[in-house]
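Notes for the one structure printed next.
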Amino acid sequence: MKIHEYQAKDILAKYGIPVQPGKVAHTPEEAEAIARELGEPVVIKAQVYVGGRGKAGGIQFGDTPEQAREAATRVLGMDIKGLTVEKVLVTSKIDIKDEYYLGIVLDRKSQAPVVMVSTAGGIDIEEVAEKTPEKIIQQPIDMRWGLRPFEALDIVTRAGFPSNILRQSAAILAALAKAFIESDANLAEINPLAYTTDGKVLAADGKIVIDDNGLFRQKEYATWAEPEEANPLEYEAKQAGLTYVKLDGDVGIIGNGAGLVMTTLDMVARAGGKPANFLDIGGGAKAEVMYKSLTFVARDPQVKGILVNIFGGITRGEEVAKGVIMAQAELPKGMPIVVRLSGTGAEEGRALLKDAGLDWGKDMRDASEKIVAAIARTEKGL
Amino acid sequence: MKIHEYQAKDILAKYGIPVQPGKVAHTPEEAEAIARELGEPVVIKAQVYVGGRGKAGGIQFGDTPEQAREAATRVLGMDIKGLTVEKVLVTSKIDIKDEYYLGIVLDRKSQAPVVMVSTAGGIDIEEVAEKTPEKIIQQPIDMRWGLRPFEALDIVTRAGFPSNILRQSAAILAALAKAFIESDANLAEINPLAYTTDGKVLAADGKIVIDDNGLFRQKEYATWAEPEEANPLEYEAKQAGLTYVKLDGDVGIIGNGAGLVMTTLDMVARAGGKPANFLDIGGGAKAEVMYKSLTFVARDPQVKGILVNIFGGITRGEEVAKGVIMAQAELPKGMPIVVRLSGTGAEEGRALLKDAGLDWGKDMRDASEKIVAAIARTEKGL
Amino acid sequence: MSILLDNTTRVIVQGITGREGQYHTRNMIAAGTNVVGGVTPSKGGQTVEGVPVFDTVAQAKAATDANASCIFVPPAGAADAIMEAASAGIKLIVCITEGIPVVDMTRAMLVVREKGATLIGPNCPGMCTPGFGKIGIIPYQIFNPGPVGFISRSGTLTYEVVSLLTGAGIGQSTCIGIGGDPIIGSTFADYLSLFEKDPQTKVVVMCGEIGGSDEEDAAEFIKTMTKPVVAFVSGRTAPAGKRMGHAGAIISGNTGTAQGKVSALQAAGVPVADTIFDIPELVKKVL
Amino acid sequence: MSILLDNTTRVIVQGITGREGQYHTRNMIAAGTNVVGGVTPSKGGQTVEGVPVFDTVAQAKAATDANASCIFVPPAGAADAIMEAASAGIKLIVCITEGIPVVDMTRAMLVVREKGATLIGPNCPGMCTPGFGKIGIIPYQIFNPGPVGFISRSGTLTYEVVSLLTGAGIGQSTCIGIGGDPIIGSTFADYLSLFEKDPQTKVVVMCGEIGGSDEEDAAEFIKTMTKPVVAFVSGRTAPAGKRMGHAGAIISGNTGTAQGKVSALQAAGVPVADTIFDIPELVKKVL
C-alpha cells in the first residue's frame with residue numbers, strides 16, 4: 001500500500017528521524033494558516049501517489065503566508081500523471097548543501113530487506129543503479145538482529161559520506177531500518193537525505209510502501225488507505241475484499257487463481273480483445289462472491305462484455321453458475337457474458353447456464369474467442 | 001531496581017498480559033473508593049519490596065467496599081520484615097483453580113535471560129528448584145530472536161501445562177520475554193499464573209527487577225525509584241550519585257573500587273569492628289566527592305568513626321586529603337577518622353592530613369585496626 | 001521415482017483442526033498420502049480424520065516420526081509455524097497459507113536455511129506425486145504417473161495445464177506449485193536441480209509469471225541441465241506496477257516482465273509455449 | 001612469555017577522542033603498548049596522541065592491521081562497540097566501560113563467541129603484561145615482570161595485591177582485571193587455562209569476590225591444572241541481596257557467598273588467603 005510523503009514522514013519522525021516541521025493542507029487557506037504557524041518560508045509539495053511531481057510543477061515555494069496560499073492554489077487541483085492533487089504538504093523550506101540517498105527495499109533474491117545507500121541523492125535511485133552502480137552500497141539486513149548501529153555506520157562510511165555527518169546519517173539509517181521492519185514495509189526511502197547549509201542532517205523527502213499482507217497488524221497505517229484518483233474502482237474493490245486490477249480495455253475478466261486470470265488476460269489479448277480488468281475470486285468462492293464480482297466488473301463503464309473462467313477445485317461449478325445467473329439480471333441489457341467452467345461441478349453448472357440461456361466456452365481459448373466475437377457483434381449492433 | 005507489584009502489572013498489561021483490574025491506594029478511603037469502582041469483591045495487597053507478605057498478613061480480602069476499607073486499614077502501616085506498608089494494591093478477587101509459574105531471569109552462566117516455567121506455581125520457585133528441580137523447565141533465550149511464539153509453546157508444553165491453557169500460557173510467556181528484554185529487566189516473574197474457575201488465564205502476581213544500568217533509557221521506570229522504608233540513606237545516596245550500601249555496624253567505610261571497599265569491610269571485621277556501610281567513590285574522584293561521601297556516611301546515626309581507604313591511581317591523594325579536611329569540620333566533634341592513602345599523590349596527601357592533625361594508617365590493616373581502636377576509645381570516653 | 005514425496009514420506013498437518021486443515025487432510029488421505037498426525041496448540045489429544053492431534057510439532061514428530069508437514073495456519077502465525085516445523089527437524093515443509101507478512105518470511109527463511117529444510121510455498125497449492133499422494137490442496141484426480149516434472153508459480157493454472165497434459169496422454173512424475181509470494185522457500189532452479197537428478201523425470205514443464213527474476217535464474221540453471229525443459233510465462237498483458245493477484249506478481253520498472261523471462265528462457269534453449277494449449281505438443285517433441 | 005598481550009599486539013582505542021580515551025591512550029603508549037590508531041565516528045582524520053583516528057573499526061583495522069582494541073565508549077554504545085570490534089575481526093577486545101545494560105551484553109556476547117574473539121571486561125581495568133605494555137587503565141608502574149599470573153574481578157584491589165607482590169620481590173607474567181559485571185567476556189577458568197599453557201607463568205593468583213559462581217567453576221578447572229593457584233575472596237562481610245558496588249557482586253539466596261567460594265577453592269586444593277597480606281607468603285610457598 002502506498003502512503004503519502006507526509007504520512008511517511010510521520011512514521012520517520014516516530015522513529016526519531018529529523019524531518020522539517022509541516023502539516024498537510026486541503027485548501028489554499030489551510031496552506032496559508034500552516035505557513036503562518038510555521039513562521040518561515042515554506043515549500044508546498046503535492047501529495048500524490050506518483051513520482052516526478054517536481055518536474056510536473058507539484059513543488060512550489062512561498063516566502064510569506066500569502067505566497068504559500070498562492071503556491072497552494074497553483075498546486076491543488078493540478079493533474080500529475082493522471083492524478084489530481086487533492087492535498088499538499090506545507091513544510092519549512094530548507095537550504096540544502098548536499099543530498100544523499102538512504103533506502104531499504106525488500107529483495108527477493110537475498111530474501112531480506114536490503115539497505116541501499118548512496119552519495120548520489122536527490123535523483124532517481126534506479127537511474128543511479130543503472131548508470132553508476134558503483135555509487136550505491138548495498139547490504140542485506142540480518143533479520144535476527146535488524147540493522148545494528150555499527151553496521152549502519154559501516155555502510156554510510158563505505159558509501160563515502162563525509163566524516164562529519166557519519167554519526168547522524170548512521171543513526172538515521174538504523175532508525176529507518178527499524179521503521180521498515182516494524183511497519184511491515186516493502187520499501188522505505190529517504191531521498192534526499194539533506195545536509196543543510198546550517199549543518200543539519202534531515203529527511204527532506206520520505207517514501208514508504210507498506211506490505212498489504214502486514215496491514216492486519218498495522219492498524220493505524222491501514223486507515224491511511226484512500227482511493228487513488230485514477231483508480232477509484234481499485235480502491236472500492238479492496239474495500240469490498242476483491243482482488244481487482246483496472247486495465248484499459250473493454251473485456252471484463254473474472255477467474256479463480258491469479259495465474260489463471262493472468263493467462264486468461266493473455267488469451268483474450270491473443271483473441272484480439274483488450275482486457276478491462278483482472279479479477280481473481282480466489283479459491284472456494286460461493287455464488288454471492290461470483291455475483292458481487294460480476295456486478296462490480298460491470299460498473300466499469302468501459303466494459304462491454306464479461307468472460308468468466310473457472311477451473312473448479314474447491315470452487316464448485318454450480319455456485320459459479322448461480323452467481324452468474326443472479327448477476328445477469330442486474331447487468332446492462334444485452335451485455336454479453338461467456339462462462340467457461342471445468343472441474344468440480346462443471347456439468348451441473350453448465351446445465352444451469354444452459355437453462356438461463358447463457359453462453360459458455362469449452363475451454364479458455366474458446367471462451368476468449370467467443371467473448372471477443374460477442375462484443376464485436378454488439379458493437380456493430382448485431 | 002525493585003518495583004512494586006502494581007508497577008510490574010502495569011508493564012505486563014502494556015505487553016498484553018491479562019491482569020485483574022486494580023489500582024493503588026494510599027489510604028483506606030482510597031481503597032474503599034477503588035473497590036466501589038471495581039464493583040466486585042477485592043483483594044488488598046501490601047506493596048512492599050519484600051516477599052512473604054501473605055504470611056505476614058499483608059494480603060487481605062474485602063467483599064464489599066466497606067470491608068475493603070477495613071482490610072486496607074489493617075494492612076496500611078503494617079510492618080513487614082522491617083518495611084512499613086505505605087500503599088496497597090486494590091484489585092479484583094479471583095477464584096483460582098490452578099497456579100503456575102512463569103519466570104525469566106538473567107543467567108550469568110548462559111549469558112542470556114533464561115526462561116523458567118513450572119506447574120508448581122504460587123510457591124517460592126527457589127524452593128521448587130531445590131526440592132523438585134525436575135518440575136522446572138529452563139531454557140535460555142536466543143537474544144538474536146527473542147522468545148519466539150513456537151518456543152514459548154514448546155516450553156509450556158514440556159513443563160506439563162494442561163493442553164487447554166497452552167495457547168494462552170505460551171502467548172503470555174512470549175509477551176513476558178518481550179517485556180523482560182525491552183524493559184531492561186534482570187528478573188520478570190508471574191507467580192502465580194492463575195487459571196481461574198471461570199476459565200481465565202492471568203497474572204495474579206507479578207515481579208520485575210529492572211537493571212540499574214538500563215535506567216538511563218527506561219525513563220518512565222526510572223521515575224518509579226522510591227526510598228525503601230528500611231534504607232532511606234541508600235535511596236538518598238543513589239539520588240546523590242553515590243554507590244552506598246547501608247550495613248548495621250558503626251564503622252563508616254569509604255574507599256575507591258568495589259573490590260577494595262569490600263576487602264576493607266572484611267579487614268575491619270577482622271580487626272574486631274563492624275562496618276556501618278559500603279561506599280565506593282569510584283575512579284578519579286575529586287575533593288568534593290570525598291567531602292560529600294564523608295558527610296553522607298556521617299549522617300548514619302550508627303556511625304561512630306570513619307575509615308577512608310584509597311589506593312591512588314587516577315584518584316589523587318591530595319584531592320582525597322583535601323576532601324577529608326573539608327568534611328572534618330562538619331562531622332560530629334571528636335568523631336575519629338583514619339585515612340589510608342597510597343599510590344598517586346599519597347605523599348602530598350599525607351602531608352596535608354598531618355598538618356590538619358588527622359590520623360592515617362600505613363596500610364589497610366593498620367588503618368582498620370586504628371579506626372576500630374579509636375572508636376573503642378571514644379566509646380569508653382577516653 | 002519422483003522428487004520430495006514418496007513412500008517414505010510421513011506427513012503431519014499444522015492447523016489440522018481448522019476448516020481448511022480438516023478438509024484437505026481428508027483429501028490428502030484419500031489421495032493415499034501417509035498423514036500420520038496433526039498439530040493445533042491446545043487441541044492436543046483430539047483425533048481428526050482418524051489421525052492424532054498434538055499440541056506442538058515436536059510432540060507430533062516424537063510420536064509419529066513425521067518428516068513432512070503441511071501448514072494451514074492463518075497468516076499471523078504461519079511464519080512461526082514454519083519456524084516451528086524446521087526447528088523440530090521436519091525436512092519437507094509445505095505452506096499453503098496466503099497473506100503472510102513478508103517481514104515474517106524473511107525471518108522464517110533464516111531458520112529454514114539454517115535447519116536445511118525444504119520449504120514449498122507459502123501461498124501455494126502444494127505438491128503431489130501421482131501414485132504416492134499429495135501434500136496440499138492440488139486436485140489429485142487430474143494426475144497420472146508419467147515422465148513430466150511440473151513446476152508452477154500458480155495454482156489453478158497448474159490444474160489447467162496438468163489437465164491438458166493428462167488429456168494428451170502425458171503423465172507426471174511430481175508436480176509442485178512453488179507459491180505466488182515474493183519470498184518463497186524454493187525457486188524454479190531448486191526444483192529443476194531435483195528433477196535433473198530424478199530418474200523418472202524425462203522433461204520438466206515450468207509455468208512462470210511476471211515479477212522477480214526466478215525464471216531468469218532458472219534459465220541460467222537450465223543451461224547446465226541434460227534434461228529438456230518446456231516453459232510458459234503468464235502475464236504478457238499485465239501492466240507495470242500493479243500487483244496481479246499474487247503478492248509476487250508485479251513488474252517493477254524493467255524487472256519482472258513476461259517478455260524478459262521469455263527471452264531469457266529462449267536464450268537458454270527452452271521452447272516457450274505461446275498459449276497453454278501448445279504445451280503438450282512441445283512436451284511431446286522433446287520426450 | 002605471557003598471555004594475550006605481547007610484542008605482536010597492535011592496539012586501537014575505541015572512543016579515543018573522549019577525555020578518558022585520550023588520557024589512557026597516552027598512558028598506554030607511555031607503558032610501551034603499541035597503540036596504532038583510534039576510532040571515533042565522525043572524527044576520522046584527526047590525530048590523538050600521535051595516532052590516527054578512524055570513523056570505524058573496519059577502517060582502522062584495514063589501515064593499521066590492528067588485532068586488539070581497548071574500548072572507552074559510554075555505556076549506551078559500548079556493547080555496539082564490542083560487536084563492531086568483533087565483527088571487524090579484532091581478536092582481543094578490552095572493554096573498560098562501566099554501566100552497560102546487561103541486555104546489551106547478552107547480545108554482544110553472541111557476536112564475540114561467534115567471531116571467536118576474546119573479550120576482557122566490561123567494567124574492568126583491563127590487563128597488562130609487564131615489559132610489553134598494557135591495554136586499559138591499570139597503573140603500569142606497580143608491576144615487575146615475573147612468574148605470577150594474576151586474575152581479579154576488581155580494579156584497585158588488584159593494584160593493592162600487585163603492590164604487595166612486587167614489594168615482596170615477586171613479579172608478574174600477565175595481570176587481568178576480568179570485570180565486575182554479571183556478564184563478562186571471559187571468566188577465571190578461561191584465563192587459568194591460558195596461564196596453564198604459558199611457560200613464563202609458574203603460579204596464578206586469583207582474587208574473587210561475592211556473586212555468581214565463576215570462582216566455583218574456576219575451582220573445578222583448577223583440579224585439572226598442573227600449576228599451583230593461590231586465591232583470595234573478598235566480601236565475607238557482605239549481606240545477601242545487596243549489590244556491593246559491582247553490578248555482579250551480589251549474593252542471591254545461597255548463591256555467590258564468599259564462604260561458598262572459599263570452600264570450593266579449598267576443596268580444589270587451593271590455598272585461600274585470609275587477608276591480602278597473606279598472599280605473597282602463600283605464593284612464595286608454592287613457587
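Cβ atoms are placed via backbone N, Cα and C, with glycine included.
What TrEMBL records for the CoA site is C:T17, C:G18, C:R19, C:E20, C:I96, C:T97, C:E98, and among C:K43, C:K61 the residue it adds there is C:K43. Residues C:T17, C:G18, C:R19, C:E20, C:K43, C:I96, C:T97, C:E98 are recorded as binding CoA; their most distant pair of Cα atoms lies 23 Å apart. In this structure the C-alpha atoms belonging to C:E98 (CoA binding site) and C:H246 (active site, tele-phosphohistidine intermediate) are separated by 9 Å. Comparing Cβ neighbour counts within 10 Å across the binding-site residues C:E20, C:E98, the minimum falls on C:E20. Just so you know, the Cβ of C:T17 (CoA binding site) picks up 18 other Cβ atoms within 10 Å once every protein chain is counted. Chain B comes close to C:K43, taken from the binding-site residues C:E20, C:K43, C:I96, C:T97 by a C-beta to C-beta distance under 8 angstroms. A Cα-Cα distance of 12 Å separates C:T97 (CoA binding site) from C:H246 (active site, tele-phosphohistidine intermediate). By a simple count of nearby Cβ atoms, those within 10 Å, the most crowded of the recorded positions C:R19, C:K43, C:H246 is C:H246. Counting only same-chain residues six or more apart in sequence, the Cβ atoms lying under 8 angstroms from the Cβ of C:G18 (CoA binding site) belong to C:T40, C:F72, C:V73, C:P74.
Distance noted between the C-alpha atoms of C:I96 (CoA binding site) and C:Y159 (substrate binding site) is 16 Å.
Distance from the CA of C:H246 (active site, tele-phosphohistidine intermediate) to the CA of C:E20 (CoA binding site) is 20 Å.
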